[in-house]
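Below is one structure, written out as structure tokens; comments come after it.
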Amino acid sequence: MSPKKIAVLGAGSWGTAMAVMMARAGHHITLWGHNPSHIKQLKIDNSNVEFLPGTDFPSTLSVTDQLEETVEEHDFLMLAVPSHAFRQTLLKCKPQLKKDTIVSWITKGFETGTGLLAHEIVIETLGKDTKLALISGPSFALEVADNLPTAVVVASTDIEVATEVADIIRNANFLTFPTKHLASAEIGGAMKNILAIAAGISDGLGYGANARAALITLGLTEMVQLGHVYNCSESSFLGLAGVGDLVLTCTDNQSRNRRLGLQLGQGKKIDDAKQTIGQEVEGIHAAREVHAICEKWSLDMPICIQTYRILYEGLAPDVAVRYLLSRAQLAEPQLD
Ligand SMILES: NC(=O)C1=CN([C@@H]2O[C@H](COP(=O)(O)OP(=O)(O)OC[C@H]3O[C@@H](n4cnc5c(N)ncnc54)[C@H](O)[C@@H]3O)[C@@H](O)[C@H]2O)C=CC1
Ligand SMILES: O=C(CO)COP(=O)(O)O
């Protein structure tokens, strides 16, 4: 694949790791961040010392805080901002956007307040003919920055766009699989954040590996259940962006969502736990949106709802777990 010019919009740990990975593969990457002092620091260090220690920026990577000219100069954008900044970033890009620009994103979450999926926001703000694609799957930023093997899906309702994006960003250590199951990949990436908080809570309370495996399995049935609202098939959750990312974040302490849950399970207050992590914890927002979707569609998703109640209603984690255990006596939830 010949080198491309790609703009990564969002200079947090994930946008920076993807930018470094693609620049190493020979692409010309511009990494935009909204915070001028952070961008200045990245330029001085030539790396992100705080969250990606030991990762130097290749010469094919430049950093900037100038959004307008970045969008103007690129026909391949990759949004890496948190979900709460997704729509406003698209709106800021819109005036400079060219007709055939690829709008891809690596954000995982529902829109705060509306519960919309990211592709719905792209279509609402930029129009239905936008060339759009999501990149998602089990992919911790630090491991990608460390050049460790990683496999993700590239999802678009237009499989030609998914294939084009997958071909551009694939390299020996970063495998990409095109798929047309866009909504499932978005739901999987957003839901696993809530379920990783739940798994962390269970581990923080001192419950063992058996309980964790049960939470992952029953959490998957909740993912599938939410998918029914969007007409997603059960099998579309059995890939990298669904069960793959769910297993990763529920089991490894690199996950910020899992780490938040661990601290809650150990009795820490939510604000203190958030402060210790110091980065985005998308599951906190996603829990609120999923709770609202469950109310709207009368869905019975006990793990997500109990997690919501711990996060927003002050429910004690052990009380939530006892409730889940009492429900589990009823019948094992099934995928169909
Ligand atoms: N870190 C990881 O391993 C992975 C993260 N993700 C997803 O990537 C997204 C970004 O997460 P991270 O980079 O990890 O978070 P982070 O906490 O490392 O960085 C977030 C960045 O967003 C910036 N930001 C905040 N508000 C903004 C705004 N209004 N406009 C532009 N930038 C803004 C912050 O300044 C910060 O640099 C999330 O949706 C996350 O779920 C997905 C896969 C892996
Ligand atoms: O999405 C991720 C890995 O695929 C990162 O998970 P956390 O946001 O929980 O750290």
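Heads up, the Cβ atoms here are built off N, Cα and C, so glycines get one too.
The active site, proton acceptor annotation in TrEMBL covers Lys192. Long-range Cβ neighbours of Lys192 (active site, proton acceptor) (same chain, at least 6 residues apart, Cβ-Cβ under 8 Å): Lys108, Gly219, Met223, Gly242, Asp245, Leu246, Leu248, Thr249, Cys250, Asn257.
Per TrEMBL, the feature NAD(+) binding site maps to Gly10, Ala11, Gly12, Ser13, Trp14, Gly15, Ala141, Arg256. Listed in sequence order, Trp32, Gly33, Leu79, Ala80, Val81, Pro82, Ala85, Thr89, Thr107 are the same-chain residues at least 6 apart in sequence whose CB falls under 8 Å from the CB of Gly10 (NAD(+) binding site).
In the three-state DSSP reading, Ser13 (NAD(+) binding site) counts as helix. According to TrEMBL, the NADPH binding site annotation covers Ser13, Trp14, His34, Lys108, Ala141, Arg256, Glu282.
What TrEMBL records for Lys108, Arg256, Asn257 is substrate binding site. Spatially close to Arg256 (NAD(+) binding site) yet at least six residues away along the chain are Ile277, Gln279, Glu280, Val281, judged by Cβ distances under 8 angstroms.
Sequence-distant contacts (6 or more apart, same chain, Cβ under 8 Å) of Ser139 (sn-glycerol 3-phosphate binding site) comprise Thr150, Val152, Asp245. DSSP assigns Ser139 (sn-glycerol 3-phosphate binding site) to coil in the three-state reduction, outside any helix or strand. What TrEMBL records for Lys108, Gly137, Ser139, Lys192, Asp245, Ser255, Arg256, Asn257 is sn-glycerol 3-phosphate binding site.
Per TrEMBL, the feature domain 'Glycerol-3-phosphate dehydrogenase NAD-dependent N-terminal' maps to 5-161.
Per TrEMBL, the feature domain 'Glycerol-3-phosphate dehydrogenase NAD-dependent C-terminal' maps to 183-321.
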Of Trp14, His34, Ala141, Ser255, which binding-site residues come close to ligand 2, meaning Cβ under 6 Å from one of its atoms?
Ser255
Starting from the Cβ of Ser13 (NAD(+) binding site), draw a 10 Å sphere and report how many other Cβ atoms land inside it.
22
Measuring Cβ to any atom of ligand 1 with a strict under-6 Å cutoff, which of the recorded positions Ala11, Lys192, Arg256, Asn257 qualify?
Ala11
Asn257 (substrate binding site) - helix vs strand vs coil (DSSP):
helix
For the domain 'Glycerol-3-phosphate dehydrogenase NAD-dependent C-terminal' (183-321), DSSP counts of helix, strand and coil?
110 helix, 0 strand, 29 coil
Please tell me which one of the binding-site residues listed here (Ala11, Gly12, Ser13, Gly15, His34) sits closest to Ser255 (sn-glycerol 3-phosphate binding site), measuring Cα to Cα?
Ser13
Can you tell which of Gly12, Gly15, Gly137 has the least company, meaning the fewest other C-beta atoms within 10 angstroms of its C-beta, among these binding-site residues?
Gly12
